[in-house]
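Student: One structure, as structure tokens, below. Some questions next.
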Amino acid sequence: MHTVTPIPAFNDNYIWLIHAKDSGGHYVVDPGDAKAVLDYLEQHQIVLDGILITHHHSDHTGGIAELQASHDHKLTVYGPDNENIKGINHPISGQTESVKPEKLDSDAAVFHLPGHTLGHIAYLIDDHLFCGDTLFSAGCGRLFEGTPAQMHHSLQTLAQLDETTLVYPAHEYTQANLAFALTVENDNEALIAHAAKVKQLRDQNLPSLPSSIGLEKQINPFLRPEQASIKQNLSCHFAQDVTDDGTSFTLLRQWKDNFL
């Protein structure tokens, strides 16, 4: 059994702290800001055991060196082996399907999710999915390196997980994503209801996360590019006939990239 706590960092990052109830271990996911982590550890008298990295962007990796230095270089650091990330001492290859982090209570299933970056991975520990910048609540990551087809496939992989799976993205982007999703689907009742709930949370400066796979399948247009109503709205917006799922996903991402 594991519990998960958000450590806010920068303007909108979450560094997720995983606590293993039985083994007593603690890992952080994507610690871009060492100070935020160290302050939290000190405040709560927690000893850190390791780090899980999803991809190479500095707001996810920038704290590795300082965290290692503050722990006598004894931290276990997992991450993709093909993203040139300094500080990883347990590299994960493209063939790896799971890892067993010491002092966690369960193995971590590994998902290879090219799109946001080519080597992006996610970790599933029990029913907790740490998906970095691939899947956001009501959205998905920008395509800095991969293709729309790769991201579409990566998201469809995650959509196959159990609907009760909890989703822990690395950013508090939910309200902005919901604004776009409501533009695409202004009659989606689940989306309208969730937007109201998220507004209440954010008005109190509370996280909108975690989400769940089941919820995302209802509110996230990037998980449903095949839906006829989404294709129809895309056809109207882009003044072209949108029939296949791949084109639908590509145009959704293009629309979001330019959405204000």
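Just so it is clear, glycine is given a Cβ too, placed from its N, Cα and C backbone atoms.
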Student: Of ASP30, ASP33, ASP81, ASP133, which one shares the Zn(2+) 1 site with HIS55, HIS57, HIS116 in Swiss-Prot?
Tutor: ASP133
Student: For the Zn(2+) 2 site that Swiss-Prot gives with ASP59, HIS60, ASP133, which of HIS2, HIS19, HIS171, HIS194 also belongs there?
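Tutor: Given ASP59, HIS60, ASP133 bind Zn(2+) 2 in Swiss-Prot, the matching entry from HIS2, HIS19, HIS171, HIS194 is HIS171.
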Student: Beyond ASP59, HIS60, ASP133, HIS171, what residues of that chain have CB atoms within 8 A of the centre of the Zn(2+) 2 site's CB atoms?
Tutor: ASN13, ASP30, GLY32, HIS55, HIS57, GLY132, ALA170
Student: Taking only the Cα atoms, work out how far HIS171 (Zn(2+) 2 binding site) lies from ASP133 (Zn(2+) 1 binding site), in Å, as a whole number.
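Tutor: Checking the Cα atoms of HIS171 (Zn(2+) 2 binding site) and ASP133 (Zn(2+) 1 binding site) gives a distance of 8 Å.
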Student: Taking the Cβ of HIS116 (Zn(2+) 1 binding site) as the centre, how many other Cβ atoms fall within a 10 Å radius?
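Tutor: Taking all protein chains shown, HIS116 (Zn(2+) 1 binding site) has 25 Cβ neighbours within 10 Å.
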